[in-house]
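Peer 1: As annotated in TrEMBL:
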TRANSMEM  32-53  transmembrane segment
TRANSMEM  65-83  transmembrane segment
TRANSMEM  89-118  transmembrane segment
TRANSMEM  130-150  transmembrane segment
TRANSMEM  162-180  transmembrane segment
TRANSMEM  236-256  transmembrane segment
TRANSMEM  268-284  transmembrane segment
TRANSMEM  290-309  transmembrane segment
TRANSMEM  321-341  transmembrane segment
TRANSMEM  347-364  transmembrane segment
Amino acid sequence: MLTCTVFLGAILLFSMEPLVGRLLTPYFGGAAHVWLTCLMFFQAMLLLGYLYAHLLVRKLGAWHLLFLLVPLISLPLRIGAIANPGAPILSILSTLFFSAALPFIALSTTAVVAQAWMANSQAGRNREPYPLYAASNAGSLLALIGYAFLIEPFSGLRLQSFVWSGAYVLYVLLVLLTWLQLRPDRKIRETPEAAGKTETSPPPSGTLYLRWILLSALPSAFLMATTNYITLEVGSFPFVWVIPLALYLGSFIVTFRTHGGVPRFLKLFWLELLLAAFSLYFMRPDKLVFLGQLVIFFAICVVAHGTLYELRPPGSHLTHFYLASALGGWIGGVFASLVVPHVFPGLFEYPLALILFAALFWWHRDKAFLAFWPKAPRLAALGRILAIGVILYPAVDLLTPSASEPTKFRHRNFYGTYRIVDKPLEKGAMTVRKLIHGRTLHGSQLLNPSLRSEPISYYYQGGPMYEAYETVPSPRRMAVIGLGSGTISAYARRDDQLTYYEIDPDNEKIARQWFTYLKDCKGKVRVIDGDGRLSMQSRKAGDLKYDLITVDAFTGDGIPTHLLTREAMRVYLDRLGENGILLFHISNRYYDLRPTLKSTAATLGLFGVMNARGKNPQEIAPNRSGLYFSGQYVALAVKPERLRPLMDRGWVPFGKGDGLKDMAPWTDDYINVLAPLASAVRISDFSLARWW
């Protein structure tokens, strides 16, 4: 009964995290830091739950059962919020507090309360309570994997919320039955034997508390850093969120089992592990690089959490141990999600965590580590040389181009990192300035006065984006979701109206300070701060109807899923003129979004076309080698004849014979990112040759 209760509580606790994160997405967008802020919030609530259990451990009976009833007033789970771009973190935290705090705190007490009940019962006299923690994490792991691969792909948010609420009621009943089962034995702690046992267990020292906190804080910070690194490239949604979190929990399962701890191999080679992590950090993001990072992330967490397990106290000080662990987890989350982003202009939390891990593991090195390496000096030297070589190779590869592309400006905020770099071309005859968001180009401009009005990168004259804009007769009313460097402003003619919707207020400052597209725009241009979908829905631009709406708001290869749903398209159609066009820029290395857009558009009766793949921009302008990039676009319209000019230019209409797979349409209630991921991934993408 006790194990079932702990298992169900863990499933509810960790299925709640991605569920609430998904509920937030339509309100706050798909920025990676939305999920990281959620993680930090949940760590804080976990700390409050453990503090509650620690302070009231001797009174956790009927009063605890009453406490578990309180969250019923907030069920089913739901979110109601209006994002504030000026203070997104505070807005998210306040929304989470009023929507999810009560049930999460209640569920977070499960493992500690259950272990305390067992430790003070007849059944627990000769058993350690710590394996229950492994059972708890097994339930958590099942919840995360199940959510990513079963729950989200096959059910909507409304159904998920109601099923979760029903399961919570079942959980409360199980806790009641568990308490009734263990209650007769509660006086065991008052027996002479139990009293004697307690007296022989001295309280934990301050140094031991510090070790518990640090061994919990660094894995938590590393979880944030790894998640942020991957989500900035691949996208921020549950499928990506749960993988690092599942590995993080898996490390607890491995180390907190009976006779757990750090495996001998990792005790000896943790330094090489950290060096390998540094090496992967310097490599270009790719599927194999991400896979390697996740494997090493898991191994490092095993070392840290295994060491934490080896420093565990007796059962009488169990709540002290978990309270310190929760405090450390929260400190690590705050460090990685709040402190580092505000102190450093780049993604420095990942290497910082590795450096701190090295110091922490050296502090906790044991006799096995010290005894092994003196016996194998040649092996040690060879291992270090190979590790350094592995690091230097990708590091040189990364740093070499930066010599010819000096960084002019760095900036980091809630929405990611910005870099401005200048690159001389044709032996200095031209210079191109690039705006890099994360690791992705978000716009570029030739700095030569005679060339600076020329659109380049994905927006070059003769390219797919240019073709779509040329089909709209002047004067044109155009809207663009996503500003970047403002390159689309170069398309504007006299008397045109161009409105940008940009969620990041700092983006406009950067575009105006470092690029001249907005300044040189021939038409009337303005920038509206806020999420594009929500801003259009609230009519921040008034009742203006657009001839062309462009969705170009991708960060890295992440998908702004809330901008691609049926409800989002309805918002765009409401702001679109009778003969207007919806244009989506969907270039992506990991996801093929064409089938999803096709099926979603079909539910609204829209007609669509897509540009043909493989069009080489160098054939259009051979003298602009390296300045023009091909991309993938989809155009939608209410009237099929509106798309005829694009079909005459080689665009392929949606329909039978278009070569696209059938996929379920996306809605605010249902999004399945596994389908476009599977459609885009090829076995050849995992060739080892792609590592270098």
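All positions are counted from 1 along the displayed chain.
Positions of Cβ are set from backbone N, Cα and C atoms, glycine also.
Each of these features: where is it, how hidden is it, and who are its neighbours?
Peer 2: Remote same-chain residues near the transmembrane segment (162-180) are listed as 1-2, 4-5, 8-9, 11-12, 15-16, 19, 61-62, 64-65, 68-69, 71-72, 75-77, 103, 107, 110, 114, 117, 155 (criterion: CB distance under 8 Å, separation of at least six residues from the stretch ends).
Non-local neighbours of the transmembrane segment (236-256) in the same chain are 14, 17-18, 21-22, 25, 30-32, 34-35, 39, 130-131, 133-134, 137-138, 140-141, 144-145, 147-148, 152, 219, 223, 226-227, 230, 262, 294, 297-298, 301-302, 304-306, 308-309, 558-559, 561, 671, 673-674, 677; each lies 6+ residues outside the stretch with a CB under 8 Å from one of its CB atoms.
Within the chain carrying the transmembrane segment (347-364), a Cβ under 8 angstroms from the stretch's Cβ atoms is held by residues 211, 214-215, 218, 221-222, 224-226, 228-229, 232, 270-271, 274, 277-278, 281, 300, 303-304, 307, 335-336, 340-341, 412, 417, 438, all 6 or more beyond its ends.
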